[in-house]
Amino acid sequence: MEPIGDPREGPSTERAFEEQTIPPWTEQVTPRAVVASLVLGAAFSGVMMNLVFTSGIVPTLNITAGLLGFFLLKAWTRLLDKLGVFYEPFTRHENVVVQTCVVACASMTYSGGFGSYLLAMDHRTAEKINTGEVHGRNVSEPTLPRIMAFYFLISFVGILAIIPMRKTMIIRHRLTFPSGSATAHLINSFHTPYGAMQAKKQVSLMIQSCLGSFFVSIFQWFYSGGPHCGMTFFPSFGLAAFNRGFYLNLNGTYVGVGMISPYLINISMLVGAIVSWGFMWPYIETKEGSWYAADLQEGSLRGINGYKVFGAIGMILGDGIFQLVVIMVRTLQTMRHHQLEAAEALRSFSDANAVPRNVLSFDDRRRTQVFLREHVPGTLAMGGYAALALLSTVAIPHLYGQVRHYHVATAYVFAPLLAFCNAYGTGVAETNFAAQYSKLVILLFASWIGYGNGGVVGSLVICGVVSSVVSTASDFMSDFKTGYLTLTSPRALFVSQVIGTGIGCVVNPAVFTVFHHFYEEAGNKIYQVPLAKIYRAIAVVGVGDLDLPRHCLSMSVGFFVLALAVCALREAAAHYKWRARNFIPSVTGMAMSFLLVPAVAIDMCVGSLVLYLWTRSDRDGAQAFGPVLASGLICGDGLFSIPYALLARYGVTPPICIRFVAREQNDKLDAYLATVLEKSR
């Protein structure tokens, strides 16, 4: 959309909508918007659940949700128009309501810990990493009624925690919230003639890529009737590399995530995979029987898996702690800067001749007026937070006996502070550190509760309480920014956030139950759940009940120091604008590759390569349609994951097995088959 406006005030978006009346908030939250949110929320929950169970890497959903919400409601109104049925016009405010509902529902798959802290509680994860006790107080099975009740208790608190801060962040400090602003500009453009035409092309491409990815997944399933069978296990770089995990999978999910993720993250993961899976793990395997026992279960933290998990933990904690310190310093500097600007503005207003009277642009004046007109009272938010926190404090110990009332109450006391810091950091530079806060919470509460009192499960429960408040607060503030830029009522945003969260509290546990049953299948290696392993390992370390293999702790400390050094180098390179700053790898990206087979990083780099070549040939087209194509690939593969899990649950196996073997093995197999055939005659 081409902004128009008074030349004296600069380009204006809102003048294009100036003649349109703004409906009251009760007309922005419509039944058709809620129905569309339910459909999209359920579909996205399945897709995101597949991501948190496989790679743990989750892209942002805001833009995709806004696009598909526009498509569904536009198609519905067009159908009613052809049938001659009266309908209310579809507005951008309604579009924002759908986007808010869908993101609130689907983002719970990650912020709700379905692939991390919740999965880390069960016996299957404990068995996978062999941390000792797989029954008793340090293990808790995620039954559907209990987790549904748990999420209804904790998921709404974060919505209320951040409401009193919305004026400070959106109006006073004018934080950007990059993803929220990008979503708002996209939705604004949808509701202009040119934007509607482009949205139609984007939806068409997304549907095509989604269906293509879906049918490719079905095709590949038919040839995966056994261990290491299927077209996805093609030894692209030879059998020796294949045995180390280096091969082209061409999984739609990973290729799509690679197109959305920054180049630096994908390349960092590939570098980490080459260093770890190509050199470190093969070297440590030669020390079997010396550094660690040779008769351990696969995945035991007392074996080679301990080096993988705690190496990743050392790097992630080092990166997280460094970034927390940096973002706190930046936040304080930014707040101080805004205070000085506000004081300067007040002094300027005292002199009528100092500055023009119209300090704010037309867009800012109109948006501020709407944003402040239908506000949610701060007293209601604070009272609601206290009431819900009190309810959770009383109820959660009855759901999880490993925690006491004072544990939950303590979490709710300091959670708003963490929520504010995280939301402010997200608004400044799109830096969401909810996961880093969660890991520190696990360490602190695991040590407080203790192993004998169920500190592993107890600390993971408290992690869920804090993570829900912190993540929800930053996501909701980003939605407030979207609403501010589209003149959507804050009350409509609040109601839509509550509705989306309520839908998520029902849909996500149900979808999780399907995936969890498949995850518990013995020998299933499709769901690697890297985050669940990390979270449980941190909890076990916190309670002090783990005998690590030789040199494991020293290596973890070394990785921690290395992470601090790399982060400091990257920060210095950015500050002094060194050319080499774009080549310093991401620490967390490298750490994640310690736990994921290299095929994941290779597929993500394939996605980056596709986007890079596309950008070189058509920059505007890649910018407009690249994320859409990527979202379609992710959705198509993710949608098949649900029927895939159901087929496995009911014992339906693929009819064909395609497997690649070495020539010598093939000769032996041919000889064996010839012998069997001769005997059968």
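A Cβ is built for glycine as well, from the same backbone N, Cα and C atoms used for every other residue.
Unlike curated records, TrEMBL annotations are generated automatically.
According to TrEMBL, the feature transmembrane segment maps to 60-77 (among others).
The transmembrane segment feature in TrEMBL is assigned to 147-165 (among others).
Under the heading transmembrane segment, TrEMBL lists 205-224 (among others).
With a cut-off of 8 Å between Cβ atoms, the residues of this chain six or more beyond the transmembrane segment (230-250) that come close are 219-221, 223-224, 273, 277-278, 282, 597-600, 602-603, 606, 654, 657-662. Taken from TrEMBL, the feature transmembrane segment covers 230-250 (among others).
The transmembrane segment annotation in TrEMBL covers 262-284 (among others).
Below 8 angstroms of C-beta separation, residues 129, 276, 280-281, 284-285, 288, 292, 298, 421, 425, 428-429, 431, 433, 435-437, 439-440, 530, 533-534, 537-538, 541, 548-549, 552-553, 555-564, 567-568, 571, 587-588, 590-592, 594-595 of the same chain, each at least six residues beyond the ends of the transmembrane segment (304-329), sit close to that stretch. Annotation source TrEMBL lists transmembrane segment at 304-329 (among others).
The feature transmembrane segment is assigned by TrEMBL to 376-400 (among others). For the transmembrane segment (376-400), same-chain residues at least 6 beyond its ends with a Cβ under 8 Å from one of its own Cβ atoms are 140, 146, 149-150, 153-154, 156-157, 160-161, 163-164, 408-409, 412, 416, 457-458, 461, 465, 490-491, 494.
Residues or ranges marked as transmembrane segment by TrEMBL: 406-428 (among others).
Note on the transmembrane segment (440-470): residues 111-113, 117-118, 120-121, 131, 136-140, 150, 154-155, 157-158, 161, 320, 392, 396, 400-403, 407-408, 411-412, 415-416, 418-419, 422, 434, 535-536, 538-545 of its chain, located 6 or more positions outside it, place their CB under 8 angstroms from a CB of the stretch. Annotation source TrEMBL lists transmembrane segment at 440-470 (among others).
Taken from TrEMBL, the feature transmembrane segment applies to 553-573 (among others). Sequence-distant contacts of the transmembrane segment (553-573), counting only residues of its own chain at least 6 positions beyond either end whose CB sits under 8 Å from a CB of the stretch, comprise 307, 310-319, 321-323, 326, 580-581, 584-585, 587, 591.
Residues or ranges marked as transmembrane segment in TrEMBL: 594-614 (among others).
Distant neighbours of the transmembrane segment (626-647): 43-44, 46-51, 59, 63-64, 67, 202-203, 205-218, 221, 251-253, 255-260, 511, 514-515, 517-518, 607, 611, 614-615; these residues of the same chain sit at least 6 beyond its ends, with a Cβ under 8 Å from one of its Cβ atoms. The annotation transmembrane segment is assigned in TrEMBL to 626-647 (among others).
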The transmembrane segment (594-614) versus listed stretches 147-165, 205-224, 262-284: most Cβ pairs under 8 Å: 262-284
